[in-house]
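Colleague: Before I ask anything, here is the structure I am working with.
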Amino acid sequence: MARGEVSMCTPAFASRVVQSRWFVVYASIIVMAASGSTYIFALYSKVLRSKLGYNQETLNKLSFFKDLGTNVGIISGLVQQVAPTWVVLLIGAGMNLVGYLMIYLALTGRTAAPPVWLMCFYICFGANALTFSNTGALVACVKNFPESRGIVIGLLKAFVGLSGAIYTQLYLAIYGDDAASLVLLVAWLPAAFNIFTVYTIRVLPYARRRDGGKPYNTPFYHFLYLSLALASYLLVMIVVEKQVQFSHAAYVVTSTALLIILFSPVGVVVREEYKAVSQLEESLQNPPAIAVEEPKASADGGKDGDGSSSSPPLCGGGGTGGCLTNMFKPPALGEDYSIMQALVSVEMLVLFVISVFGIGGTLTAIDNMAQIGQSLGYPAKSINTFVSLISIWNYAGRAGAGYISEFLLSRYRMPRPLVLTAVLLVSCIGHLFIAFGVSQSLYAASVIIGFCFGAQWPLLFAIISEVFGLKYYSSLFNFGSAASPAGAYVLNVIITGRMYDAEATRQHGGVAAVGDKICKGVVCFKRPFLIITGVTFAGALVSLVLVWRTRNFYRGDIYAKFKVAPAAASESEGSSTDGKGVEMVETEGKSKSKKEVVNQDLY
């Protein structure tokens, strides 16, 4: 092999790829693609209703506990603060397998039919596993790429959005059109992906830039293009399957192609590492003088490479006696808030309201889509199409919100909360389509609801990371999303479920509507979704408070702390770069040799 030529067919290169910063993103993509099982509840809710004799209010109660488990990730956030990421992922794998497996056994009659409260516990327990997967993957990637957090969050959450359509294709290929077996797939597939990636998702030392320029985001756009290819493929499959009757063998073939596209982003990782090794070979021919900067503060906000926080997370230091005093004296926006400082802030209160009204409303629409389609007289194949459309546009909303809001922020200094306000207003249109049941409007409603639901998540998580800092991000973004189940309970169970059952009972002559007795007509969901439209619009108005309070913050360079000013860098004795304006900052308190530093996975 000629000098300077790099071979990819060596164990050393393979090891480098698996340990790289970009492989963390790839592994997180795989985990997130299996973490959206909560969004396909509509596909097996009809089986729960028919086999276990549930009415709509009971179904909506199960849906609420599913949403409660999915969104209340406070425990996973606190575990992430004190334990390595692999522990978080393994806990998630175990919880997911146990929770959904118990539901599957109940559906197939392998165990006695459990009482409703126990089914609620099973689905909450299984769904809560997803918070461990999301926390481990999301926190690792955001801390590895802090200057690209909008793009990172949008990309990862986009694959969560696609997972509903991915599950639909895979279960048809593996089990056929058997909704009960879909629950079995939901039980083992996320657990398998978590275990497969458990040691590759972690926080790595951050290479701080010293040129003041833009971060290196090219691989993220390549990941995006591949995700667009996957979304396009799924969309084509949805359309074709609506027109053509597929055999089981055909589903196997199409699902195999789907998996090839899903795993294809590993090529981006290999290419980036090949480029890095090639540059390393060139640099070693003319090695620069390298000096490792002693750490002043860890780049990931007070944590070690993958472990615990160095100061009390609730109060942010100062001892117990100063907790209450510190709680109401928060730092400037963008600095590291303690958990209590963030929770009592006006900014977090506004985000809670948005989560309750905005996400709660769209969750209600998604969880009831099968029943909405039935009440409006759509055929079963169309109802499956609605679920897949929601999944595809959920992806589009997540990816679009992350990448577009990052572009608007970097180019025009547009506050990210303003984009969130716009998303809430657009979602009102989808709710009105459902409320008035215009002919064939449910297709448009599925697109709008899916897009707006997806867009809210990366915006919410990015805003929390920017306003409150990264030090306790794993806990704070889980607190921020924990409010949405409250909205889902009120809007879904108390309002939508009870109004639906009341109308269904009236239509059946006063007999309770359970099992196959359903409500027919626009009237079934009209009043609930008019109410949802009203509260979502109120949430949009409240979000303007956050826009106003953060306007000056977003006008500045919110990522300045991750850069080293050129003048300051030149005064740093012995400092050096990798030739791309990157200054190596050692973050784990360990000294490294010259070659180790140069060979660091650069950002």
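Cβ coordinates come from backbone N, Cα and C, glycine included.
Bear in mind that TrEMBL entries carry predicted annotations, made automatically and left uncurated.
Straight out of TrEMBL:
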DOMAIN    21-269  domain 'Nodulin-like'
TRANSMEM  23-44  transmembrane segment
TRANSMEM  86-104  transmembrane segment
TRANSMEM  116-142  transmembrane segment
TRANSMEM  154-174  transmembrane segment
TRANSMEM  180-199  transmembrane segment
TRANSMEM  220-240  transmembrane segment
TRANSMEM  246-270  transmembrane segment
DOMAIN    342-554  domain 'NFD4 C-terminal'
TRANSMEM  348-366  transmembrane segment
TRANSMEM  417-436  transmembrane segment
TRANSMEM  442-464  transmembrane segment
TRANSMEM  476-495  transmembrane segment
TRANSMEM  529-548  transmembrane segment
REGION    568-603  region 'Disordered'
COMPBIAS  580-603  compositional bias 'Basic and acidic residues'
Colleague: The transmembrane segment (154-174) and the transmembrane segment (348-366): do they have three or more Cβ pairs under 8 Å, with pairs 6 or more apart in sequence?
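Modeller: Checked: the transmembrane segment (348-366) vs the transmembrane segment (154-174), no contact.
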Colleague: What residues in the same chain, six or more past the boundaries of the transmembrane segment (529-548), come closer than 8 Å to it by Cβ-Cβ distance?
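Modeller: That would be 346-347, 350-351, 353-354, 356-358, 360-361, 364-365, 415, 417-418, 420-421, 424-425, 427-428, 431-432, 434-435, 463, 487, 491, 495-496.
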Colleague: Does the chain bring the transmembrane segment (246-270) near the transmembrane segment (23-44), so that three or more CB pairs sit under 8 Å (pairs 6 or more apart in sequence)?
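Modeller: Counting Cβ pairs under 8 Å (6 or more apart in sequence), the transmembrane segment (246-270) reaches the transmembrane segment (23-44), since there are 3 or more.
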Colleague: Can the transmembrane segment (23-44) be said to touch the transmembrane segment (180-199) if we require at least 3 CB pairs below 8 Å and skip pairs under 6 apart in sequence?
Modeller: yes
Colleague: So which residues does the transmembrane segment (476-495) touch in its own chain, when a touch means Cβ under 8 Å and the partner is 6 or more beyond its ends?
Modeller: 57, 60-61, 63-64, 67-68, 70-74, 76-77, 131, 135, 138, 337, 339, 342-343, 348, 351-353, 355-361, 363-364, 367-368, 457, 460-461, 464-465, 468, 528, 531-532, 535
Colleague: Within the same chain, where does the transmembrane segment (417-436) have neighbours whose Cβ lies under 8 angstroms from its own Cβ atoms, ignoring anything closer than 6 residues to its ends? I mean 6 or more beyond.
Modeller: 354, 357-358, 361-362, 365, 372, 397, 401, 404-405, 408, 442, 444-445, 447-449, 451-453, 455-456, 459-460, 463, 522, 525-527, 529-530, 532-533, 536-537, 539-540, 543-544, 546-547, 550
Colleague: State the residues, same chain only, that lie 6 or more residues beyond the ends of the transmembrane segment (220-240) and have a CB under 8 A from a CB inside it; answer 'none' if no residue qualifies.
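Modeller: 25-26, 29, 148, 151-152, 155, 158-159, 162, 165-166, 169, 254, 257-258, 261-262, 264-265, 268, 385, 388-389, 391-392, 395-396, 399, 403.
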Colleague: Average the pLDDT scores across the domain 'Nodulin-like' (21-269) and report the rounded value.
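Modeller: PLDDT averaged over the stretch: 87.
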Colleague: Using a Cβ cut-off under 8 Å, which residues of the same chain at least 6 positions beyond either end of the transmembrane segment (180-199) come close to it?
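Modeller: For the transmembrane segment (180-199), the nonlocal Cβ contacts are 27-28, 30-31, 33-35, 37, 40, 43-44, 47, 51, 86, 89-90, 92-94, 96-97, 99-101, 103-104, 107-108, 126, 129-130, 133, 167, 170-171, 174.
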